[in-house]
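Before any comments, here is the structure.
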Amino acid sequence: MNHNGNSAGTPQNLFLQGLIDSHCHLDDEAFAPDRSAVIQRAKNAGVDKILVPAYSPAFWSRLHHLCAQQSMLYPAYGVHPLYINACASNWLEQLRSLLDQAVAVGEIGLDLSESAPDYGSQVACLKMQLHLAQELNLPVILHARRTLEDLSLILRDFSGLRGVVHSFSGSLVQAQRLVDRGFYLGLGGAFTHARALRLRATIQSLPLERILVETDAPWQSAESYRGQRNEPAFLLETVHALAGLLQMAPQALAGQLIRNTLTLFQEKL
């Protein structure tokens with residue numbers, strides 16, 4: 001399957017059904033020219049459900065309208081750490097008003113990239129959203145760029161909170177700490193890259209019942225699609241790559257990944 005093709009020609013032994021992309025920004029402008037075709041390709045590749053987390057209050061309305069029109073899309077709402085300066089004074093009330101229609105609070109978290117906003121402000125924004133998720137009994141979708149240690153410490157104060165650390169790329173010790181706190185680990189195309197030796201070794205030791213798969217489309221394409229816009233249909237290849245790494249039958253792995261995702265998000269999917 002190539003970027004412009006459709007998976008109708010996927011060999012039967014590669015096809016999987018019921019897949020769930022646990023993290024995809026399908027509302028992003030990168031999909032504006034051909035979003036309907038992207039969704040159809042995802043269906044053809046066996047993807048049944050797509051979780052679409054918000055990242056900026058400016059796009060909450062756009063995401064709401066998109067998910068209302070497409071039954072296979074499920075929204076999460078939150079403020080990504082890189083967008084905390086885009087918040088209006090009443091952002092928390094706006095967020096609360098949207099969450100009765102959401103599967104999770106997210107994408108939220110911490111980011112230590114060079115262009116990131118003030119770190120203390122990030123922490124404050126994150127904690128407000130974690131409290132809200134705890135109050136509403138919703139899972140969280142977490143972003144942690146070079147901040148896994150800090151994030152893990154913060155989560156200690158939120159007992160009973162559940163969620164997923166998306167695009168996980170940390171160590172086995174960090175993974176175990178998160179799993180012990182009840183969290184899942186989201187894996188995408190990054191582990192397929194040639195240089196991701198440590199990540200692949202870590203994945204082989206992760207508890208299978210705590211793994212989710214994602215694309216993070218339009219970003220983070222797998223090795224075979226490097227340089228192309230990522231999209232949910234490519235999840236199929238990621239699952240096959242993960243099955244190869246774990247030495248599992250793809251169908252058995254897909255079934256476990258689907259169960260994991262449904263368990264985390266419970267009756268919301």
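The backbone N, Cα and C atoms fix where each Cβ goes, glycine too.
Just so you know, TrEMBL annotations never went through curation; they're auto-generated.
Source: prediction; values computed, not measured.
Summarising the annotation, TrEMBL assigns divalent metal cation 1 binding site to His23, His25, Glu107, Asp216. According to TrEMBL, the feature divalent metal cation 2 binding site maps to His143, His166.
Other than His23, His25, Glu107, Asp216, the residues of this chain whose Cβ falls within 8 Å of the Cβ centroid of the divalent metal cation 1 site are, in sequence order, Cys24, Val52, Pro53, Tyr55, Ile141, His166, Ser167, Glu214, Thr215, Ala217, Trp219.
Looking only at the binding-site residues His23, His25, Glu107, Asp216, the one with its C-alpha closest to His143 (divalent metal cation 2 binding site) is Glu107. Separation of the C-alpha atoms of Glu107 (divalent metal cation 1 binding site) and His166 (divalent metal cation 2 binding site): 9 Å, rounded to the nearest whole number. Within 10 Å of His166 (divalent metal cation 2 binding site), counting C-alpha to C-alpha distances, fall the following of the binding-site residues His23, His25, Asp216: His23, Asp216.
In the three-state DSSP reading, Glu107 (divalent metal cation 1 binding site) counts as strand. When other Cβ atoms within 10 Å of the Cβ of His25 (divalent metal cation 1 binding site) are tallied across all protein chains shown, the result is 21. His143 (divalent metal cation 2 binding site) falls within a strand when secondary structure is assigned with DSSP. Taking Cβ-Cβ distances under 8 Å and a sequence separation of 6 or more, the neighbours of Asp216 (divalent metal cation 1 binding site) in its chain are His23, Cys24, His25, His166, Ser167, Gly188, Gly189, Asn230.
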